[in-house]
Structure formats: C-alpha cells, structure tokens
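Have a look at the structure below, then the notes.
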Amino acid sequence: MPRKLAAGNWKMNGMAASLAEIDALVKAHPSPACEVLICPPATLIAQMAWKVGKNPIALGGQDCHSEASGAHTGDISAPMLADAGASYVIVGHSERRADHRETDVDVAAKARAAHAAGLTAVICVGETEAQRDAGETLAIIGAQLAGSLPESATPANSVVAYEPVWAIGTGRTPTLEQIGEVHGFLRAELAKRFEGTAADMRLLYGGSVKPSNAAEIFAVADVDGALVGGASLKADDFGPIVAALGAASA
Ligand SMILES: O=C[C@H](O)COP(=O)(O)O
C-alpha cells in the first residue's frame, strides 16, 4: 500500500511571508509517518522548493494547462510546474470547475498533461448540495470519475480527492457513513478498471477537515488521506492533521 497523503491546498492565499509556515511544519514534524504535500500558489513553488530542501514535503500546483507550452496567456503548464519543483498537481477542483467552467473532458486533458510531465495528478470529484439532496451523489461522482481519469492514469500517478462542494470552506462535513459510502463506491469503481491494484490508488477526503475532526475521518475505510484547504495555511492547524494521519497509518 502507498503511504497515506496529507495534502494542503493553499488556493489563492500566501505571499512570501507565508513560507515561514513551512519552517514551522518541518520543525514540528521532521519525519512525518505519512506523505505531506503542499500546493501553494504557483508563484511560491520555486521558493518553497528551495526552502523545503531535503525535508520530506512534496510540492504541487493547483491547476495546469492541457498543453505543454504555447500561446495561452496567464496559464501555466505541467512541465513548468515540474521545472519549479512540483511533483503533484491538483486538477478538476470544484472551484476550477465552477469558476472556469472546466468539464470532465478538460480535467482529463489536464491530468494527461500532468502525467506526461511526470507529475502525480490529484483529480477532484464531488457533488453539490442540490445533487446530494436529489439522491444523485453516486451517479454524479461515478460520471465525474469516469470522465476525468484519462487513459494515462495509474494508481502510481494519480490520486482521487472526494470533495463535496457543500463541505468546502463551510465548516460542514458529511457524516462518517456518507464519507465511507462515497469512498467505498470510488474504490469499487476503480477496481473495475485497475482490478488488483485499485487499492493502491489513494483516495483523499476534502471539505472542512480540521484538527478536531481529522482522526475520525481518517478512521473511515478507504480514506487514504485528506485534501485540506483553510486548515493547511497555518502549521499549527495542518501539523495536527499530519500527525493524525500519521497515527492512522501506524
Ligand atoms: O482543496 C481543498 C478543499 O477545497 C477543502 O477546503 P477547506 O478545507 O477549506 O474546506
């Protein structure tokens, strides 16, 4: 089994001064028992790579273009992220899907580009509150998964993050039973494609993960880590989440 993954998505937060949080995280958790990933704004990746040095923290982008280079003003490519020091990239976050109207086809193309650049793609899926209320959660997630995982995806180069849209940044989380239902469904869907190796693809839960709820979420079957937004910005919050996942890995 691959190591569990505590991933922090800083979203559009963080300036050079925020790099101090990495020092604090390394100081408090020099040898985490799980893999740790920080996805800062792209402007900070190179500086952060220098700061992280040989410490066990991976870096990732929050999005990439589907092309490796070209006339795409304002975009960033997967090879550029790799060049800056990233080894991961998030694709298909619900904020990208909503703000930039990204479709499953777009997300699959971005994940394909990430794989071609040697990056691990963190591919996000998740239902809206209206879809959950309508009883459509598994159908929506199944369709997003099928449409967003390109043919290049393997358990080694891809991670799937389940993020209910209504739980992001709201302080609300699904029940543990609801998280378990979706993660079990995702694993079963992956098993249809990856057969004996589906257990090797890490499934992250994301949406209002905090130090106070991390341990109970990490105890749910088929939860292999978390994609954390707000609570990843401060080492004092993210550190205990890393520690909780490390304890769940033991
Ligand atoms: O990518 C992270 C998620 O959108 C979760 O964000 P949050 O932890 O602030 O709810």
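Along the chain as shown, residues are numbered 1 onward.
The backbone N, Cα and C atoms fix where each Cβ goes, glycine too.
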According to TrEMBL, which candidate in SER66, SER148, SER208 joins ASN9, TRP10, LYS11, GLY169, GLY229, GLY230 at the substrate site: SER208
I'd like the Cβ neighbour count for SER208 (substrate binding site), meaning other Cβ atoms within 10 Å of its Cβ, all protein chains included. 22
Check each residue in the chain of TRP10 (substrate binding site) that is at least six apart in sequence and keep those whose C-beta is under 8 Å from its C-beta; list them in sequence order. SER18, ILE38, CYS39, PRO40, PRO41, GLN62, SER232, LEU233
Rounded to the nearest Å - Cα separation of ASN9 (substrate binding site) and HIS93 (active site, electrophile): 10
So which of the binding-site residues ASN9, TRP10, GLY169, SER208, GLY229, GLY230 sit close to ligand 1, that is, with a CB under 6 Å from an atom of it? ASN9, GLY169, SER208, GLY229, GLY230
Sequence-ordered, the recorded positions among LYS11, HIS93, GLY169, GLY229 whose CA is within 10 A of the CA of GLU163 (active site, proton acceptor) come to HIS93
Fewest neighbouring Cβ atoms within 10 Å: which of the recorded positions LYS11, HIS93? LYS11
